Amino acid sequence: MFLFAMGLLLVIFQPSTGQFPRACANTQSLLRKECCPPWDGDGSPCGERSNRGTCQRILLSQAPLGPQFPFSGVDDREDWPSVFYNRTCRCRGNFMGFNCGECKFGFSGQNCTERRLRTRRNIFQLTIREKDKFLAYLNLAKNIPSKDYVIATGTYAQMNNGSNPMFRNINVYDLFVWMHYYASRDTLLGGSNVWRDIDFAHEAPGFLPWHRAFLLLWEREIQKITGDENFTIPYWDWRDAEDCVICTDEYMGGRHPTNPNLLSPASFFSSWQVICTRSEEYNSQQALCNATSEGPILRNPGNNDKSRTPRLPSSSEVEFCLSLTRYESGSMDRMANYSFRNTLEGFADPRTAISNISQSGLHNALHIYMNGSMSQVQGSANDPIFILHHAFVDSIFERWLRRHRPMIEVYPAANAPIGHNRENYMVPFIPLYRNGEFFISSRELGYDYEYLQEPALGSFQDFLIPYFEQARQIWPWLVGAAVIGGIVTAVLTGLILACRKKRAGASPEIQPLLTESEDYNNISYQSHF
């Protein structure tokens, strides 16, 4: 009954956050290269009359990129979003959105001045009603059109440089599936040529910040289309799981009784159609995914290649990953060693942190284990387990941030793969977000995780680790300072003794009677070393 009631909400049309604002998907905006829609509150571009923001030229990062992408001017995603727009809304204060009509993450209220902290919870800790509500929200998102956003069905060149717009409508859930596809798709080079070693959301430093922004935007859309401002994404803690415990009809869909690659007909996820899964077909046609339905969700958990992913990740592997002190290293791609990001993403061994692309660990292991739609990068978001999985991956990222407390400078400013430098804008989000903006604690972005709210972040050891780490980093300086201080103290002591000895041997007639002076007790040499 509850699911049926939620279905009645399909007639609601609310704004969504995603790729191309509908107000800018037209010839005039593309030719002018300007996306500064009016805010409904006062009718002015970017809400300028209400001091929310102004239409300004985009400032692109000039930092050098890594060598992984040896081309220039062949991909619409280069220097995002300058191929399509070079002027967008720059919002003031705590305002946000493509027209500055929303509040930044973590803020609410008419003027976006009220701080708000929401808590993401373990899906198995939800009540039956809360769980059913989450499932109903997912189904609603799959069936309600996005009011404010559309997707591109052609490249800028195929649009004749803006004079022939190629966009189409899409539902809220598939909007995010398409965005994940668009960020990770291959570069079309013309003819039958493509460049595969490119990804604006994976295999580089931006992997964790990008997916953090992605989940926040997805979470906000659910809040909008349902009117449930308290909604948060639940997570699945897959550590030490022996099988896919959420792959049941009560949760994310069980196994089909006769076809192990399909979902049980008792789950409404069995009727969902996937999009953007045929990358080789798009490449051969030099075309973009146009969100045409491509069949049901595929999932056959556990029947994957065991030589690549023998089991789901363990608690000890997560703890080892959290112990790594370097966020990024070396080439800053999937070959990086001793990199927390690369180890958590799954391209480095979770027991040694040495790159091993023949194996799939941690984040990647879960995708491979699902053995279906989740296992193909570009279309992986079609399976709703994607949301639960990445929420837990984000919680591990949050644990690392709290344990090591890195400065923003820890995130690479230059020489990362294309799109992954600190000041690069994330593809394909409009409004614009830089990678570095999400390399901060989740609390600053308005959310927390239930299992991280426990006293002392889960253990007294976790509380002390940051301080031990800071002490370890400055220990050589402390030792050096102590040695120098000892030498200086010894020199000063020698000088004092020499002076006293000299005075003791002086004539009594010229010795001052300091012992009878009021200042006697104030004579001292204090070392500040």
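Using N, Cα and C of the backbone, Cβ positions are placed for all residues, glycine too.
Residues annotated as signal peptide in TrEMBL: 1-18.
Averaged across the domain 'Tyrosinase copper-binding' (202-219), pLDDT for the predicted model comes to 98. What TrEMBL lists as domain 'Tyrosinase copper-binding' is 202-219 (among others).
Residues or ranges marked as region 'Disordered' by TrEMBL: 293-313. Using a Cβ-Cβ cut-off under 8 Å and counting only residues 6 or more beyond its ends in the same chain, the region 'Disordered' (293-313) has close neighbours at 238-244, 247, 253, 255, 260-263, 269-278, 350, 358-362, 364-366, 368-375, 382-383, 385.
For the domain 'Tyrosinase copper-binding' (383-394), same-chain residues at least 6 beyond its ends with a Cβ under 8 Å from one of its own Cβ atoms are 120, 123, 138, 208, 211-212, 214-215, 218, 233-238, 246-247, 252, 269, 297, 299, 344, 362-363, 366-367, 370, 372-374, 442. The annotation domain 'Tyrosinase copper-binding' is assigned in TrEMBL to 383-394 (among others).
Taken from TrEMBL, the feature transmembrane segment applies to 474-498.
Same-chain neighbours of the domain 'Tyrosinase copper-binding' (202-219): 17-18, 105, 176, 179-180, 183-184, 231-233, 327-328, 332-334, 341, 344-345, 347, 377, 387, 390-391, 393-394, 397, 411-412, 416-417, 419-420, 424, 426, 429, 433, 435-439, 442, 445, 447, counting only residues six or more beyond its ends whose CB sits under 8 Å from a CB of the stretch. Assigned with DSSP, the residues of the domain 'Tyrosinase copper-binding' (383-394) fall into helix, strand and coil as follows: 10 helix, 0 strand, 2 coil.
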